[in-house]
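K.L.:
Dropping the structure in here first, questions after.
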Amino acid sequence: MIYLKSANEVAGIKKACAIFKAVKAYFTIEKLLGKKLVTIDRLIKQFIEQKQAKCAFHGYLGFPGFNCLSLNQTVIHGVADQTVFKDSDKLTLDIGIDYHGYLCDAAFTLLGNKADPKAVKLLNDVEQAFSKVIEPELFVNNPIGNLSNAIQTYFENKGYFLVKEFGGHGCGIKIHEDPLILNWGEKNQGVRLQEGMVICIEPMVMTDSSEITMAANNWNVLTLKSKFNCHVEQMYHITNNGFECLTN
């Protein structure tokens with residue numbers, strides 16, 4: 001079921017998203033390098049709770065962490081452990097925030113100061129995809145297949161590979177709502193964007209292969225053959241004249 005949000009609901013969701021933006025601004029690479037993932041997870045939890053909000057992912061479907069911290073070969077859904085975030089690493093922070101029942105789900109990727117140039121280029125390409133190909137597709141009555149196809153075409157033309165098994169989704173009242181928004185698809189297929197939709201769009205991109213596997217903890221989604229990967233997630237509100245990005 002697709003939940004079309006009222007103006008009051010969008011206002012509440014924006015408050016949750018404002019906390020995400022504060023998390024992203026505060027937790028810079030300089031603050032996090034050298035820390036264990038479990039420490040980073042707790043620091044973000046404390047920051048969110050100081051804003052009178054909760055970590056939405058904790059306990060969701062049994063998830064044991066507070067936030068998804070995906071280091072290096074982990075693409076998404078990483079559970080924080082004792083591993084230290086080092087200068088050569090990639091760390092994706094996927095943050096779920098529950099502010100009095102209004103939800104934000106968004107992610108950003110950080111690279112250490114000694115990250116491989118290929119990882120740097122990948123992150124730049126993923127971040128630029130939002131303004132170059134995603135946002136031009138965000139308008140009322142556009143089929144979601146057009147958005148999915150635009151994402152697929154952009155990344156495949158650059159020689160990248162996309163995670164096929166996971167995608168974006170509706171959000172705001174529940175963590176995962178309809179519609180499913182895959183990062184691949186055919187034009188003119190799927191439901192059409194409607195005014196009042198709040199959606200998460202999240203390219204999950206790899207350099208060498210689209211193959212993934214599940215870690216022994218049944219949470220961390222790992223690359224199987226790809227050396228580098230990147231995941232960025234933004235939330236959008238579809239309006240009568242286009243969109244609002246709620247998380248950037």
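Glycine too: its Cβ is placed from the backbone N, Cα and C atoms.
Take a look at what Swiss-Prot says about it:
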- His77, His176: substrate binding site (BINDING)
- Asp94, Asp105, Glu233: divalent metal cation 1 binding site (BINDING)
- Asp105, His169, Glu202, Glu233: divalent metal cation 2 binding site (BINDING)
K.L.:
Can you name every residue in this chain, apart from Asp94, Asp105, Glu233, with its Cβ inside 8 Å of the center of the Cβ atoms of the recorded divalent metal cation 1 site?
P.N.:
Cys68, Ile95, Gly96, Ala106, Ala107, Cys200, Glu202
K.L.:
If you measure C-alpha to C-alpha, which of His77, His176, Glu202 (binding-site residues) come within 10 angstroms of Glu233 (divalent metal cation 1 binding site)?
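P.N.:
The binding-site residues close to Glu233 (divalent metal cation 1 binding site) (Cα within 10 Å), listed in sequence order, are Glu202.
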K.L.:
When the Cα-Cα distance from His169 (divalent metal cation 2 binding site) is computed for each of the binding-site residues His77, Asp94, Asp105, His176, which gives the smallest value?
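P.N.:
Out of the listed candidates, the nearest Cα belongs to His176.
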K.L.:
Let me check the 10 A CB neighbour count of Asp105 (divalent metal cation 1 binding site). How many other CB atoms are there?
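P.N.:
Asp105 (divalent metal cation 1 binding site): 28 neighbouring Cβ atoms within 10 Å.
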K.L.:
Quick one: among the binding-site residues His77, His169, His176, which has the most Cβ atoms sitting within 10 Å of its own Cβ?
P.N.:
His77
K.L.:
Would you count the other C-beta atoms found within 10 angstroms of the C-beta of Glu202 (divalent metal cation 2 binding site) for me?
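P.N.:
The Cβ of Glu202 (divalent metal cation 2 binding site) has 24 Cβ neighbours within 10 Å.
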K.L.:
Out of Asp94, Asp105, Glu202, give those binding-site residues positioned within 10 angstroms of His77 (substrate binding site), comparing C-alpha atoms, in sequence order.
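P.N.:
Checking each Cα against His77 (substrate binding site), the hits are Asp94.
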K.L.:
For the recorded divalent metal cation 2 site formed by Asp105, His169, Glu202, Glu233, which further same-chain residues have Cβ atoms within 8 Å of the site's Cβ center?
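P.N.:
Close Cβ neighbours, site residues excluded: Asp94, Ala106, Ala107, Gly168, Cys171, Cys200, Ile201, Met235.
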K.L.:
Write down the Cα-Cα distance for Glu202 (divalent metal cation 2 binding site) and His176 (substrate binding site), rounded and given in Å.
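P.N.:
His176 (substrate binding site) and Glu202 (divalent metal cation 2 binding site) have their Cα atoms 13 Å apart.
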K.L.:
Using a 10 Å radius around its CB, how many other CB atoms surround Glu233 (divalent metal cation 1 binding site)?
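P.N.:
Summing over all protein chains shown, Glu233 (divalent metal cation 1 binding site) has 23 other Cβ atoms within 10 Å.
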